[in-house]
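Participant: Have a look at the structure that comes next, please.
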Amino acid sequence: MQAPYVLETQQLSYRFGDGTAILQDLDLRVPAGSIYGFLGPNGAGKTTTLRLVLGLLRVQQGQVQLFGQPFAPHRLAALRRIGALIEAPSLYGHLTAIENLQVLQMVYQCPAARIGQVLSTVGLAGTGTKPAGRFSLGMKQRLGIAMALLHQPELLILDEPTNGLDPNGMLEMRELLRTLNQQHGTTILISSHLLAELEKMVSHVGVIHRGRLLFQGTLAELQQQRPGNARLWLTTSDAAKTMSLLQARGLDAQRHEAACSVPLLAPAAVADLVRTLVREQVDVYEIRPSQPDLEAIFMDMVTA
Amino acid sequence: MNAFIRSFASEWLKRKRSLAAWLVVCGAFFTPAIIFTAKLIRHGHLAAESAQPTYWQHLWKSAWESMAIFLLPLGVILATSLITQLEYKNNSWKLLHTTPQRYSVIFGAKLAVVLVMMGQFLLLFNVGIYLAGVLPGLLLGVPYPAAPIPYAAFLSDDGRYLVACLPIVALQYLISLRFRNFLVPVGGGLALWILSVAVLSWQYGYLIPYTYCSFTFLQGQPRFAQPVALLPWAVGYFLLFTGAAYGLYVQQREKG
Ligand SMILES: Nc1ncnc2c1ncn2[C@@H]1O[C@H](COP(=O)(O)OP(=O)(O)OP(=O)(O)O)[C@@H](O)[C@H]1O
Ligand SMILES: [Mg+2]
């Protein structure tokens, strides 16, 4: 039997010692089998939320449920099914990559062969006797991910895991997470402050800002938020003349170098506009609605 | 129990090649190396010493002199702090505390690592004393010491020193679990150790938990006699501090 939500919080609130509310009434719901992007700008409360979920901070108000059970009384059972990487990876700097994994392997009692497997999964197979403290930032991050994957968790919690990865590393990471999700059914909760980094990968999104959840739903639902943002883009042979024609019609036109844009129009209005342009000897190369720009939606949410 | 053994094995691996591990080896051979050098320098006396019936007792006493009062307490202070510092320095409490282990197991396994390291230290120290006792003679062609090694007396001394150190281990463990900054446990430990040296000739010196190593060495000297049995007090302090350390550790609001 599988709970619909692998992770669920109810009215989760948190204050640090100084009394300012960091999280307020957070109702996080991570569906089983999803890749959940947890988005928010710096200081929004992402790390604090994940630390609460993992028991690194004591819950003050609200509830955390993992795998359909309250977390506190089932802490060990839940942790056995979770792999986590919170903020900068925790590595023992004087130990090699293999030894770092052995430290965990002894606790989780997984087969020793897993160590070689996860190392090659993250592309760190050949680091030999080099202590982890001398790894580059990206290598440390990769080892941190390997450590989170070692015991084949059902839920992977990654806090800004692409920190320090090169473009190729980011690509590999996305591939890796997609594969884990599709082939092993691993649920993945991944935080970031960049939507662009996640949008190609996630199925669900939660947007947090100043400790409040502003949006939660599927990626498609996010895309349908604020269609008012969408515009019609026109590329023509004479952008200046096009601009003045658009403005003459009382439209809120904007110039973008060779192109112009206006708010979305009804089909009849588009046809009429094209006729006018052609009549005025302006060649129309392209007319298209702008893709709803997720980053813009996100920025709009957190700056509102 | 299995969980504890696994946790211990994992903690023991972390200590590999760490500063704490080196401290044990270097600390154990430090005094024996000095004695060895002194014997080589004063090689004229070697033959006469070697024939004495109290050769080993003398050696034992001179090896323990600086160790009991000075090196052992400071070594324990450093080593205990270094073991917890492994987690702070690598920012890995958050890793350790998200492994599926009871807090009591994590707490106990780390403490056990410190205690086993102490045992390791005593073993190496005894080996060092033995080598300092026989190597100079071997090198200079002096006959092997005539007197037999009083194993039983030495072993019981080792045991008493081990127990005498327990309060230091426990209180240092408490402090170093609490504070991220390495200077707090080391500075605090140093202050307590200085205090313990200052109260050695005071009749209530036994109240200071860091005095037991020195008192164990000074036993039999009337000037430093204490009105209570030291080892039960040491064990009492150890249990008290360990209990307090565990309570504070479990209550910690932020676990990484
Ligand atoms: N230990 C702490 N004591 C007091 N305040 C804290 C502590 N840790 C975090 N905060 C505060 O909590 C707020 C949220 O921090 P958090 O680390 O959760 O943000 P974040 O969303 O992870 O940001 P980032 O993208 O920068 O990682 C911030 O205002 C931060 O100052
Ligand atoms: Mg963060």
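Here the Cβ of each residue, glycine as well, is placed from N, Cα and C on the backbone.
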Participant: I'm validating the feature mapping. Which of B:129-147, B:205-223 is tagged transmembrane segment in TrEMBL?
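Facilitator: Checking TrEMBL against the ranges B:129-147, B:205-223, the transmembrane segment one is B:129-147.
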Participant: Let me spell it out: take the transmembrane segment (B:182-204), skip the flanking residues so only those 6+ beyond its ends count, and list any with a Cβ under 8 Å from a Cβ in it.
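Facilitator: Tertiary neighbours of the transmembrane segment (B:182-204) are 69, 73-74, 77-78, 80-81, 84-85, 88, 168, 171-172, 175-176, 210-211, 214-215, 218, 223-224, 226-227.
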Participant: Which bits of the chain, at least 6 residues beyond where the transmembrane segment (B:20-41) starts or stops, bring a Cβ under 8 A of a Cβ in it?
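Facilitator: Same-chain contacts beyond the flanks: 59, 62-63, 66-67, 71, 75, 78-79, 82-83, 86, 117, 120-125, 127-129, 131-132, 135-136, 139-140.
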Participant: So if I exclude everything within five residues of the ends of the transmembrane segment (B:159-175), which remaining residues of that chain have a CB under 8 angstroms from its CBs? That is, six or more out.
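Facilitator: Apart from its flanks, the transmembrane segment (B:159-175) reaches 64, 68, 72-73, 76-77, 80-81, 84, 110-111, 114-115, 118-119, 122, 184-185, 188-189, 192, 209-210, 212-213, 215-216, 230-231, 234-235, 237-242, 244-245, 248.
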Participant: Below 8 angstroms Cβ to Cβ, which residues of this chain, lying six or more residues outside the transmembrane segment (B:62-83), approach it?
Facilitator: 15, 18-20, 23-24, 27, 30-32, 35, 110, 113-114, 117-118, 121, 125, 128-129, 132, 157, 161, 165, 168-169, 172-173, 175-176, 182, 185-186, 189-190, 193, 196-197, 210, 213-214, 216-217
